[in-house]
């Protein structure tokens, strides 16, 4: 186990290193200097700015100092707003995005599992059809469309929830709903199909024969095994939700990291793009690493060191 | 006393030759899969919708008297009417015509992404699975690392660098997108290459290209086709998502994502049709591909064959 974790940890570092390098060279492949603007700056100012952002150095020196900045976690100042450092933006935006993401995943997992289990227990009955119809619709509607419809109907027409920002629990309802519906639908479908499979197995029949109460069979015996596929796709879902926050934060004007990321793309603010990309990727890759470890702990049948082996 | 009749002593008609004759026409794998797909009403609905959508994407703009790019500022943001069936946008352009042009671009992006993923995935996954050993180990390690990269972040980065256009979007979507397909192909090839008929083929002296062409590819096609039907909607979704970040197809052309994004500012003022039509078609297309993919998954699964 310890050996496997160490190996996965090293793999994680390699992946982060690759994405950091990729980001650096991609950003430097952009034609023109990020300092070019409509204003006619004179040459001294230009030179000073280049020195300030270390753009006058040769590429490999820039690369080394960039790598150093990642290791020491100091991404330097923003180009569009030199009074702010990238670290400040991350410190301000990340807690909000993290909160949005975590509430979303919680809502998606809990309601998805309940929906999927109910559908499986009432197989081919009304609840099953209703839940699966809901799941297919949930997968089909992109989150940004859902977000706009929610704002238009629930916020503007019916005035039930505030349409934007992130200040009170009431403000959280619509963004979380818009972001959670898709993953919830995926989890519900997955839970249903694996639950249906588990329910036909011998040990469930055995438990029934022993006279254990149906509720207890579902919770203690079936659900535990049925949830393994859900754990497997958690990494992908997390990635989806995290990138989904870009759009949701833009639509709901939530001052999270996604908003800074999108702004930095529109402004071509390279230090911010690099900083947020590396930070986002590192966070995501770390979450994938955690999901892998949790999976290994939950299911002892999986031989951890042979995970990527033959099918 | 009963009379003994002649007909009692005729052959009973219990002809063994007749009994053993093949009554039903033999079904090939594909015919059988098609038969099973036809029984799945939802999947057929999806297929019919996609066929209609393709027809409309090709011929739809011809039915409309309005052009995609002609601006008509006096008639901006008009609600659906007899002249403009889906209304007009902020430049007075006809939303009906633009919806079918959007379908062209969205479907093209989705299909191209699926096709490129398919080609790279087949070659990469096929080599890894077929060769095995050290080559496989190295190739899978590369895939593992690529798989760990956050897909949409890489796409966004590439588009920031290359600038958004139809082909750069397709390139960005496929540059790490093929990894999923390669994994599936490899898994399939590993499984199929150990079947007896492959060994039989080899013992008859079949060479590698023939084995790949005649044995491996046809027998591992099922999951690969399913993966392709699921790649198309996810590429369409990714393109729409990128449009939202300002990295979509550039004006005056429009994909559904761009149209939906442009409609955001006016949705609050009640101009619902601007968002409704592109959003409806994105959702219906995703729905159609998803149910078709589900249907194909069941239809192409050899275990389900009767």
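Placement of Cβ uses the backbone N, Cα and C atoms for every residue, glycine included.
From a predicted model like this one, the values you see are computed outputs, not experimental measurements.
For A:94-295, the entry in TrEMBL reads domain 'ABC transmembrane type-1'.
The list of residues near the transmembrane segment (A:9-30) in space but at least 6 beyond its ends in sequence, with Cβ under 8 angstroms from a Cβ of it, reads 59, 62-63, 66-67, 70, 268, 270, 273-274, 277-278, 281-282, 285-286, 288-289. Summarising the annotation, TrEMBL assigns transmembrane segment to A:9-30 (among others).
For the transmembrane segment (A:100-121), the residues of the chain that approach it from at least six positions outside its boundaries are 127-128, 131-132, 134-135, 166, 172, 175-176, 179-180, 183-193, 195-196, 199, 218, 223, 226-227, 230, 237-238, 241-242, 245, 248-249, 254, 256, judged by C-beta separation under 8 angstroms. Marked as transmembrane segment by TrEMBL: A:100-121 (among others).
What TrEMBL lists as transmembrane segment is A:133-152 (among others).
Annotated transmembrane segment per TrEMBL: A:172-191 (among others), in sequence order. Listed by sequence, the residues of this chain that lie at least six past the ends of the transmembrane segment (A:172-191) yet keep a Cβ under 8 A from its Cβ atoms are 100, 103-105, 107-109, 111-113, 115-117, 119-120, 131-132, 134-139, 141, 143-144, 146-147, 150-151, 154-155, 161, 163, 166, 226-227, 229-230, 233, 237, 240-241, 244-245, 248-249, 251-252, 254.
Residues 97, 100-101, 104-105, 108-109, 112-113, 117, 120, 143-144, 147, 175, 178-179, 182-183, 186-187, 190-191, 194-195, 197-198, 254, 256-258, 261-262, 280, 283-284, 287-288, 291-292, 294-295, 298-299 of the same chain lie 6+ residues outside the transmembrane segment (A:226-248) yet bring a C-beta within less than 8 angstroms of a C-beta in it. What TrEMBL records for A:226-248 (among others) is transmembrane segment.
Long-range contacts of the transmembrane segment (A:278-298) within the same chain, counting only residues at least 6 positions beyond its ends with a Cβ under 8 Å from a Cβ of the stretch, are 1, 4-5, 8-9, 12, 15-16, 19-20, 23, 70, 75, 90, 94, 228, 231-232, 234-235, 238-239, 242, 257, 261, 304, 307. The transmembrane segment feature in TrEMBL is assigned to A:278-298 (among others).
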